[in-house]
Amino acid sequence: MAVLKVTFTKTNRDKLAQVLCLLNWVSVITGIILFSLGLYLKVEIRKRRELMSDEIHSVPNMLITVGMVACGINFLGGKICYECVDTVKFLRWKLLLLPYIICTFFFTFCILLGALMCYTMRNNLEESLFLGLRDAMRYYKDTDTPGRCYIKSTVDMLQIQFQCCGNDGFRDWFYIQWISHRFLDMSSTDILDRLRSNVEGKYLMDRVPFSCCNLYSPRPCIQYQITNNSAHYNYDYQKEELNLNQKGCRQALLEYYTQIMQSIGLIVLIIWLFELSVLTGVRYLQTSMENVLRLGDPESESDGWILENSIAETARYNFNIIKNLGKCYQVDDDPNIDRPSTSQQVHENVPTRQIPVAS
């Protein structure tokens, strides 16, 4: 029994072909949108590649590829649907339509996979940001080291733009030396004592870069001796939430990229539903036109369907085809293949007649 069978008149078939032709041209635009979204996400990730341990380009690359393929497939689909209005022209595409539908089905699956990847990218991105920000904070002081001289400005701009501080919070700066030795007065006993007090010889202090200061603080920013209440007038570091940015930069960037990817994922999901509806229409057009050819009357009504048989029968039929294809490559293990036939054995066992010799 056919699945989702619909009866079409000639007028309905013509209208269906015209609508599908228009929708395929619209799908070319959706392919361009997919390509643009992938390109935009790739650029956004590359903007802050120095703050990530690994550049995560699997999702944008897939969107770019799917967008390019969508343009080609939908352009071909538009041409096919345009010519399927005429029964004679349909014969040119009859053998190509089923492979086209199968390829388009797998292509729509790739679009769905791209949408799901936008929602599952968060964990990889979070780990990459954690490691990348940790290294960037370590290299913050290396302004005179080739290849790292831009890290300081990058981190400062990040903390100002996203109003964040450190990896998980401003206290992360307390555990690394972010001031270069060339800016330390090595003749000062306080500095020498602080260097000697650390096992690794680092100059650690409860101080943060200026970019951690909250832009909306009601008082001048306190960025040194942050945990020392007596060092500042009317100050309690546990209550001064407006003094420094409280949010960590990893969380701020993760929220930023998650919002972008969720928006892109929603758009891709809508495109997937649109492509699936177009594919369904092409399948109805194909089956209804093939039935018209069987009937032999271009003006007659014809049935169209998604599957000619039930889902179970279709799966069983395709499984048998795959199984039979596998048997074609098996070696015949018949044990009697090299044994002579019975007729040959009988012939060999027949005694030869003796020719009499004349005396």
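Along the chain as shown, the residues are counted starting at 1.
Heads up, the Cβ atoms here are built off N, Cα and C, so glycines get one too.
The annotation region 'Disordered' is assigned in TrEMBL to 333-359.
Annotated transmembrane segment per TrEMBL: 16-39 (among others), in sequence order. Residues 8, 59-71, 74-75, 77-78, 81-82, 84-85, 111, 114, 264, 267-268, 271, 274-275, 277-278, 281-282, 284-285, 288 of the same chain sit 6 or more residues outside the transmembrane segment (16-39) yet have a Cβ under 8 Å from a Cβ within it.
Among the features that TrEMBL reports, transmembrane segment is placed at 59-77 (among others). Long-range contacts of the transmembrane segment (59-77) within the same chain: residues 20, 24-25, 27-28, 30-39, 41-42, 45, 100, 103-104, 107, 110-111, 113-114, 117-118, 121, 261, 264, 268, 275, 278, 282, each at least 6 residues beyond the stretch ends and with a Cβ under 8 Å from a Cβ of the stretch.
Per TrEMBL, the feature transmembrane segment maps to 97-119 (among others). Long-range Cβ contacts of the transmembrane segment (97-119) within its own chain (Cβ-Cβ under 8 Å, at least 6 residues beyond either end) map to 34, 58-59, 62-63, 66, 69-70, 73, 76-77, 80, 261-262, 264-266, 268-269, 271-272, 275-276, 279, 282-283, 286.
Here TrEMBL flags 264-285 (among others) as transmembrane segment.
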